[in-house]
Amino acid sequence: MTARSSFVPAPWLLAGPGTLFFVGLVLLPLALTVILSFHAYDHSSGIQNTFTLSHYVAVVTDEYYLSIFWRTLRIAALTTLICAAIGVPEAYILSRMRDPWRSIFLLVIIGPLLVSVVVRTFGWSMLLGSQGLVNQALELFGFPAAKILYTETAIVIALVHVMLPFMVIPVWTALQKLDPMVEAAAWTLGASRFTALRRVVMPQVTLGMLSGSLIVFGLSASAFAVPALLGGRRLKMAATLVYDEYLHELNWPLGASIAIIVLVANLCIMLAYNRLVETRARRTLG
Amino acid sequence: MQKNGPVALIFHTLVLAFVLAPLVIICLVAFTPENTLSLPTTGLSLRWFKAVFAHPDFVTSFWNSIWLATLSATLAIALAVPAGLAISRYTFPGRDFMNALFLSPLIIPHLVLGVAFLRLFALLGATGSFAWLVATHIIVVTPYVLRLVLAALSGLDRSAEQAARTLGAGEWTAFRRITAPMILPGITGGWLLAFINSFDELTMSIFVTSPATVTLPVRMYMYATESIDPMMAAVSTLMIAITAIAMLVLDRAFGLDRILVGQR
C-alpha cells in the first residue's frame, strides 16, 4: 500500500494487544456459550457434564418458543418499516431547513439517542397506560379507551421511538453528500418535483436507508428493555425469554441455546442484508 | 436552498411531538405532589427529587455508571487508535479478520454478549468485579470509537505527515504532532459516543453486574419492574437534564452533527 508496509511487525504491535483482548473476551466467551448450549441440564442438580441436542430440539419444536420467535421477527420488521416511513422523509425535511432551525431540530430528533432506553420506555409506559395521556385523549374525542400497554402495539411504538435516530442519522449523512443544487438543476431541466425526488434524491437516500434498516432491524430483534417493561410477563420476545431462562428458571444451557439461535439469526440477516447493500452500491455507483 | 411545503412542516411537527412526548411527560410527572404517577394539577412539588437523593442505591449506581463510562471510553480510545492505524495504513495477513473482530460487537446482540460474559466469568470465578465490568464495556464501545477513528484516518491528507517525516520527525513525533491533532475530532467524537453508550447500556450489564456494581440503567430497570411511583420519573428527569446539558455543551464545542457524522 505505502512504502511503510515493509515494516512488517508494526501493524501487529499496534493491533495485537486489542486483538488478544477481543479474542479473549468475544470469541472465547461465545465459544464457551456454544459448548454450554449442548450441556444437559437437570432441574435438581443443575448443569450436567453430558452432552445433548435436546435444548435445540425443544426450542425449534415447542410451540411456545416458536411463537416467541415469530413475534420477535414480526415486531422487528414492523418497527423497521415504520422507522423508514418516518425517518427518511424527516431527514429530507431536516436537510432542507435553514440554520439555525436545522441544527436545533436535528438535535431534538437525534438527542433522545443519548437518553437511556429505560427512561424513554418508562415515558411510554406512562403515556400508554390505562389512565395515560393517550387514553385520556381518546376519551376526550369520544372513543372508548384502548388497552395499549402490555400489547405488541406498545412495544412497536416504543421501539420506533428508540430506533428512529438510527434511521435518521445514515439518511441525513447520505443527504449531506448531495449537493442541493443538483436537485434544483433537475427542476431547471424540466423534471417535476416528484421525478427529481425519485431520480436524484432517492438513489442517494437508498443506501442510507438500507444501512439504517439493517441497524434498526438488528437492534429491534434483540431489544430487551422495551419488551421487558412494556410487554409484561406474558408478551415475551427473544431477549426477554433468554433473560428469564438465565435469571429466573436458572436453566443456563436452554438459555444459551436460544441466545445462540438469536445470534445466528442476527448474523444471517446481517450478511444477507450486507450483500444486498453492496450489490445496490455497485449498481448505483456503476 | 428549497423551502419545505406546509405538508412537510405538519409532518415535521408530528414527528417532533412523537419524539418529545415521552420525555416531556416524565419531566411533568416528576413534579407531582401526589403519591401516584399523575400530572401535577394541584401544585408543583420537589418531594420526589428529595426522595431520590435520600435513596443511597440510586446515588451509588450513578457514580458507578459515571466511572464505568469514563474508564471504558478512555481505554477504548487507547485500544482503537493504534488498531485503527494498523488497519487503515498497512496491509498484513489477518487485517480483515482483525477489522471484523473489532467491529463484531456491533452485530452481536448485547444480550448474547451478556450471557457469554456471564458464562466466562462464572468459569473464572470472576463474577461481580468492577474491573471485569469495565472490560465488558470496553468490548461494547470500542467499535464506535474505531469506526470514527477509521473515518477520520481515511479522510486524512497525508502530505503534512510525510513532510514531517521528510524533515526528520520520528514516527511517534509525526503521529503526536501531526496525525493525532488531525484526527482529534474523530477521537473526541468516538470518546463521547463510547461514554454515552456505556452510560446507557442495560441489556449486557444486567447479566454482568453484581449488587455492588449495579449501574444506573440496571438500577432503574430493577426499580421500574418492582414499584411504580413518581420517584422513577424524578430519576429519569435528572438523567434527561444531565443529558441535555451535556448535549448543549457538546453542540457548542464541536457541533453534534459533526460528532455523529464523524467529520464534515
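Including glycine, each Cβ sits where the backbone N, Cα and C put it.
Taken from TrEMBL, the feature domain 'ABC transmembrane type-1' applies to A:69-273.
Taken from TrEMBL, the feature transmembrane segment covers A:12-41 (among others).
Sequence annotations record features per position, and here TrEMBL assigns transmembrane segment to A:73-92 (among others).
Same-chain residues lying 6 or more positions outside the transmembrane segment (A:104-128) and placing a CB less than 8 Å from one of its CB atoms are 90, 94, 97, 134-135, 148-149, 154, 157-158, 161-162, 164-166, 168-169, 172, 225-226, 229-230. Annotated transmembrane segment per TrEMBL: A:104-128 (among others), in sequence order.
The annotation transmembrane segment is assigned in TrEMBL to A:148-172 (among others).
Annotation source TrEMBL lists transmembrane segment at A:207-230 (among others).
Under 8 Å from some Cβ of the transmembrane segment (A:250-273) lie the Cβ atoms of residues 30, 33-34, 36-41, 43, 46-47, 55-56, 58-59, 65, 69, 210, 213-214, 217-218, 221-222, 238-239, 241-242, all in the same chain and six or more residues away from its ends. Among the features that TrEMBL reports, transmembrane segment is placed at A:250-273 (among others).
Non-local neighbours of the transmembrane segment (A:73-92) in the same chain are 109, 152, 155-156, 159-160, 163-164, 166-168, 171-172, 175, 201, 205, 208-209, 212-213, 216-217, 220-221, 227, 237; each lies 6+ residues outside the stretch with a CB under 8 Å from one of its CB atoms.
A Cβ distance under 8 Å defines the sequence-distant neighbours of the transmembrane segment (A:207-230), meaning residues of its chain 6+ beyond its ends; these are 72-73, 75-77, 79-80, 83-84, 87-88, 91, 117-118, 121-122, 124-125, 128, 149-150, 154-155, 158-159, 162-163, 166-175, 236-240, 243, 262, 265-266, 269-270, 273-274, 276-277, 280-281, 284.
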